[in-house]
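Here's what Swiss-Prot has on this protein:
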BINDING   Thr12, Arg82, Glu83, Tyr134, Asp241  sn-glycerol 3-phosphate binding site
BINDING   Thr12, Arg16, Thr263, Gly306, Gly407  ADP binding site
BINDING   Thr12, Thr13, Ser14, Thr263, Gly306, Gln310, Gly407  ATP binding site
BINDING   Arg82, Glu83, Tyr134, Asp241, Gln242  glycerol binding site
Amino acid sequence: MAKYVVAIDQGTTSSRAIVFDYDQNMVSVAQKEFTQIYPHEGWVEHNAAEIWATQFGVLQEAIQIAGVKPEEIAAIGITNQRETTVVWDKNTGEPIYNAIVWQCRRTAPICDELKKKGLDTYIRENTGLVVDAYFSGTKIKWILDNVPGAREKANKGELLFGTIDTWLVWKLTGGKVHVTDYTNASRTMIYNIKELKWDETILKELDIPMSMLPEVKDSSCIYGYAHINGKEVPISGIAGDQQSALFGQAGFNKGDTKNTYGTGSFILMNIGENFILSKNGLITTIAIGYNGKIEYALEGSVFIAGAVIQWVRDELRLLHDAKDTEYFATKVKDTNGVYLVPAFVGLGAPYWDMYARGCLVGITRGVNRSHIIRAAEEAIAYQSKDVIDAMVADSGVKLSSLKVDGGACRDNFLMQFQSDIINTKVLRPQITETTALGAAYLAGLAVGFWKDKDEITNRWKLEREFTPSLSEEERNKKYMGWKKAVERSRGWAL
C-alpha cells in the first residue's frame, strides 16, 4: 500500500528531496548544495551533471532516512528552478555546455537585438513575458551560436533542450521521456501561452529547431516512471518552483496571491482562466495546467531578496550568520534614512532594467551596522510592494491578504514590515515548505493519493498572521524614499 509521496525540489543553490505522508508531514528531508560557476561578470552557470548527481543522491537519501520501501511510494513530484537552460546530446545523454542559470545576464545583447527589430510587443502579447536575458529562449540561442558544432547537431535533430524539470525526467526515465509541463514551458519566451504551443515566429527569429523542444503536458499527470531501488515509481507532478508554491499554498481562486522569499522574491497572483496582459511591468504566466484546464497568473520577479542578506554577511561581513539579521534590524528604530537597492543583476519587475546596479544611499556619519542590515531587510519588502501595487492595478483585484513562504518568511521583523508597507495582512502557514508540498500535491492528485483541490484547501493551516501597524503618512514617507533610491540605481551600467 502506497503511503508516501516524494517531492524533488531542485533549487538554485541546492538539490533537495522531501518525503511527505498523507497528512502532509515531512517524514524526511535530504539536501545537498552544488557548485555555482561564475565564468565572467554577470554570467552564472551550473554543471547539469552535478545537478543530476546531487538530486538523485538526495532522492535516495531521503527515502533511506524515512525507512520507506519503494512500493510504499505512490508518486514522485518535481519542482525546479525555472528558466535555467540545459542542452544535451540525445545520443550520449551528455550536456554540451553547462546549464545557463536564470540569473545569467550574458544574453542581454541578444535581447537588445530583438527589441531593435520590434519583436518585444509580439513576444509580450504571445508569451506573456518581457524580452529579458532571464528567460530560456536567448540562452538556447547563445549555446547554439557559441558551442562549436552545436548548430550543426541541432539541425540534424541530435540535440535536446530542457529546463531543469525536463532534464531530471529524462535522467530518471533513462532517456525515455522528453517532457515538460505548462508552467515551465511558459518561462522559456518561446512558448505561446494563448495558443498553448511552441511559437514558430519566435523560434525562427532565434533559429531554434522545433526538434529540440519537449512535449508540453498538464502539471499533474503520469509522465513516465523512475527506477527506484528496483521498482518503477510514477513521476506524476511537475511545476516550476513559484507556480508549485502557489499550488502548495492552495492558491486556487482568482486573486489568491503568494510571495516566496528565497534567493529572489517571487510574487504570483492567480488571475483565473482569462489571459491578462500587464500594463504595469509584470509578466503573465501559466499558474497551472490541471485536469485539462489552464489558469493564468500575474507574476513579479524580484531578482535579489534573500541574496542581499548573503551579500551583507559574506561581502560586507556585517553578519556572522544570516539568522542574526532580525536581531540587528530590531536594535534600531529605523534605518536612519538609509536605503539599499540590491540591483546586483539589474532590476526585475516592474522596472525590467538590465542595466541598473546596486546602491546604498542616505549614509551619514551616524549610520551604523544595524541601520544597513535593517535597510537590506526592508529592501526585500519594498521590492515586493513595487510588484504588488502593479498586480492590483493590472487585475483590478484588491489584495485581501498575502500568503508567504520560503526561508525568509521565518523572519518576524521582515513579515511585520511587509504587512506595514503593503497595508495588508500577511499570512504565514504552518508548513512553509510550500514549493515542495505543491509538487507533492500535483503528483499525489494524479495517482489518487489525494482526492481533489478541495481536500488540499481544507489542509492549509495558519501559523501566524501579521497585521499593518504603520500610519498612512509614515508608510508613504518611507516608500517615497525607496522610489527615490531606485531612481539612483537605474541605467548605471550603460
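Each Cβ is built from the backbone N, Cα and C atoms, and glycine gets one as well.
Keep in mind it's a predicted model, so treat the numbers as computed, not measured.
Projection of Swiss-Prot feature records onto the structure.
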residue : record                               : DSSP (3 states)
Thr13   : ATP binding site                     : coil
Arg82   : sn-glycerol 3-phosphate binding site : coil
Asp241  : sn-glycerol 3-phosphate binding site : helix
Thr263  : ADP binding site                     : coil
Gly306  : ADP binding site                     : helix
Gly407  : ADP binding site                     : helix
Cα-nearest neighbour of Thr12 (sn-glycerol 3-phosphate binding site) within the listed binding-site residues, Gln242, Thr263, Gly306, Gln310: Thr263
Top Cα neighbour of Tyr134 (sn-glycerol 3-phosphate binding site) in the set of binding-site residues Thr13, Ser14, Gln310, Gly407: Thr13
Diameter of the ADP binding set by C-alpha atoms, the set being Thr12, Arg16, Thr263, Gly306, Gly407, in angstrom: 18
Cα-proximity to Gln242 (glycerol binding site), 10 Å cut-off, over binding-site residues Thr13, Arg82, Glu83, Thr263, Gly306: Arg82
Three-state secondary structure, which DSSP defines for Tyr134 (sn-glycerol 3-phosphate binding site): coil
Between Ser14 (ATP binding site) and Asp241 (sn-glycerol 3-phosphate binding site), the C-alpha gap once rounded to whole angstrom: 13
For the ADP site built from Thr12, Arg16, Thr263, Gly306, Gly407, further residues of that chain with CB within 8 A of the site's CB center: Gly11, Thr13, Ser14, Gly262, Gly406
Most Cβ neighbours inside 10 Å, all chains, among the binding-site residues Thr12, Thr13, Gln242: Gln242
Cα-to-Cα gap, Gly407 (ADP binding site) vs Asp241 (sn-glycerol 3-phosphate binding site), nearest whole Å: 14
Arg16 (ADP binding site) versus binding-site residues Arg82, Glu83, Asp241, Gln310 - nearest by Cα: Asp241
